[in-house]
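Okay, so here's the structure we're looking at.
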Amino acid sequence: MIDGIDGPKGAQVAALIGRVDRRGRMLWSLPKGHIEQGETAEQTAIREVAEETGIQGSVLAALGSIDYWFVTEGRRVHKTVHHYLMRFLDGELSDEDVEVTEVAWVPLVELPARLAYADERRLAEVAGELIDKLHSDGPEALPPLPHSAPRRRPQTHSHTRNRRPDQSPQPPPGRRANGCGQGP
């Protein structure tokens, strides 16, 4: 979410969220969240930014997706996050979301130093390039948004979520149960 997107580069700021990690460090990142049933990725971006920061915006262009794995409650979870260049429309920054410790407007030039994750720093570079195109060639220079169909069912995040406790996961043929290398 960018405020001042039509103004000079030095005045442009991005809304970031801060969360404290297990070591007590503040990690700054782009707002993000889960696609809910019936939502498109763009609708999710608008909703999640509003929920996590208190501000409203509109989607201008896709920045890209980040695909990663993490472990929670003893299970591996796969997540794909779709990020968008968004224009600030209205609202006041607020950190009322329980998952967010702080929110801040950060100058675009400071994003490489502030963002905690390399993938998000790369997306910030893409955003800067798209903003330059927007300034030099107008809105028609932005790439069209990719088609995003509404999610038909709730997002489960893990193949283990709906498994009965008496069912054990079976690795695919040729894989070990730990997911590494060829099986015996």
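We number each residue from 1, going along the chain as drawn.
Each Cβ is built from the backbone N, Cα and C atoms, and glycine gets one as well.
Database features (TrEMBL):
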- 149-162: compositional bias 'Basic residues' (COMPBIAS)
- 1-128: domain 'Nudix hydrolase' (DOMAIN)
- 135-184: region 'Disordered' (REGION)
Checklist outcome for this item: Its residues classified by DSSP, the domain 'Nudix hydrolase' (1-128) shows 34 helix, 56 strand, 38 coil
Checklist entry - Where does the mean pLDDT land for the domain 'Nudix hydrolase' (1-128)? => result 89
